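Read through the structure below, which is laid out as structure tokens, and then see the notes.
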Amino acid sequence: MDVINCEEVKRDEFHTEKYYDSYNIFGAHIVTEDGMRGVRCTVWAPHAKAMSVVGDFNEWDYEQHKMLQVTEEGIWSLFVPHIEENEIYKYAIETMDGDVILKADPYAVYAEVRPNTASVVFDIEGYEWNDKNWIRKRKKKSIYKEAMTVYELHFGSWKKKEDGALYSYREMAEELIPYVVEHQFTHIEIMPLVEHPYDRSWGYQGTGYYAATSRFGTPHDLMYFVDECHKYGIGVILDWVPGHFCKDAHGLYLFDGTPTYEYKDRDVQENLVWGTVNFDLGKREVRNFLISNALFWMKYFHIDGFRVDAVANMLYWNKEGKEQSNEHAVSFLRELNEAVFAEDEEFLMTAEDSTAWPLVTAPTYEGGLGFNYKWNMGWMNDVLKYMECAPEYRKYIHEKMTFSLIYAHSENFILPLSHDEVVHGKKSLLNKMPGDYWDKFAQLRLLYGYFFTHPGKKLLFMGGEFGQFDEWKDLEDLDWNLHDFEMHRNMHDYFKELIALYKRSKPLWQLDHSPEGFQWIDANNNEQSIFSFIRQGDKQEDALVVVCNFTKATYENYKVGVPDFEYYNEILNSDSAQYGGSGQVNKKRLKTILEPYHNQAAHVEITIPPFGVSILRPVKTRKGSKKQDGSKTKVRSNVTSRGKR
């Protein structure tokens, strides 16, 4: 780390200007000064009366290592000689009221294992990376026109040892990576790994933003994990929470006895949703802390993306009973994204946002927030409500399955089947499905078929791939014993085949962010709850026809309008017996009938299985074939894609 002596920094630079490598000033850095080895400790505490560095090295004596105030705005610093790596320490802060409080270092890169709360001196440098090829290849790809399948997981509950102990970062590399590779996920998304005191906050209520949690090992161990992911072609996305933080006494809350990192105004300071406090995003020092933190994770841990948590909670605050936009947060998010993309244009910045705020994924120079992806929470909520409805009543809420296509290309979307939907009494995805045992599995296969063929990149929370019956239990690992049961094994096989089909089928992702990539065949068959549509790639022959049946009825010789190719093959049927279905499949090549149907030039007659999805691929095109309206077979639109920056 390029340690900068705080006395060399312009007096007001950190307080008034964009300073995105503030981690080089603040924190505890192993250095040699005047020929003596030790640690330089620097911290910002604007309302402290006095400060000391304390730890085992001085028996936690507040009087021994007094810090010097080097700026009027509250930067304090001290060189502590003769202490080395792995020394524990805190800051003893005398408040304006005369009390002395102990605080962990906001910029510490390592911390004690909970329940202990001290910071730990650690040299973040020294890890030898082996991922140059990965980084080079990633930066050459356009993330918008590639397949993206994200496996969301909680590090502490994906799998545990027989005695219930947690796997370390290095052990997880051995356990998790082969599993992810087998399933052909392109990325993993890990719930927050910043240091946090309470296991059941899942990392979303942090105290040490620069410290990879010591529950699983050292920062270098996490670097090894990321390096191994890159070795096997897996991108790593981290959940990151720049909106709020916890109130634990050793953390950022009332850091110098007064609101420092949080808003001073209690009306906007308190985050009533989670019992936390909101970052004061209008304060330059706080912005520098957070944006430096994002760039720190990029630089030192080589991560490939952030999922920015609770953006909706940042964009709006409830002040005096009225919902108002938070202009501090809006400008912060724009500044954050500009800083990130200045470092890496192909980095993933995903907003978890449930609002209708416009232009979330538009560049800031076009008036947008500057993210390149947004979770499609509306799609998730509508689809899951539809699936939870009894099949015979789905015809009355038919629009929940079609509404998302009205706005599907207004942003660059990721479709999330995330952890939030399988916890706190919401049931697992499998158990959300109505009906008996067979019905549940059939409908989950159907849901996944619709999920992988709908425009948007894909995200699935751990356990969904094999049909976890119980909802997520964060203190236990997944129910791996379910593989002893045939239907779960069949579900797992189906999911792996579906994701493999998705990755090798350009129509399912090449034009995700363009209206040209999707066309309804029939969106209006609410009586039978059958939906059919076309997914289109760049080339005319890159087209797939998808038919989804959301009831248990079976239909023979069902007419489906199709582009005029000579034949179609069914390349996937969720009702196949090998996946646990009833076997109502279309084994033979389907010859098109040159009679217009569904505003297409031709049609095929197929068997539609119960609770089934059927995917058809054209085999051969007729010369000069056209649709009924006289246009070329290939699906096209004059609307410009927003999948660009």
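Cβ atoms are placed via backbone N, Cα and C, with glycine included.
Under the heading active site, nucleophile, Swiss-Prot lists D309, citing sequence analysis as support. What Swiss-Prot records for E352 is active site, proton donor. Per Swiss-Prot, the feature compositional bias 'Polar residues' maps to 636-645. Sequence annotations record features per position, and here Swiss-Prot assigns region 'Disordered' to 619-645.
Listed in sequence order, R307, V308, D309, A310, V311, A312, W375, M377 are the same-chain residues six or more apart from E352 (active site, proton donor) with CB atoms under 8 A from its CB. According to its DSSP assignment, the residue listed as 'active site, nucleophile' is coil. D309 (active site, nucleophile) is surrounded by 22 other CB atoms, counting those within 10 A of its CB over all protein chains shown. In the three-state DSSP classification, the residue listed as 'active site, proton donor' falls within coil.
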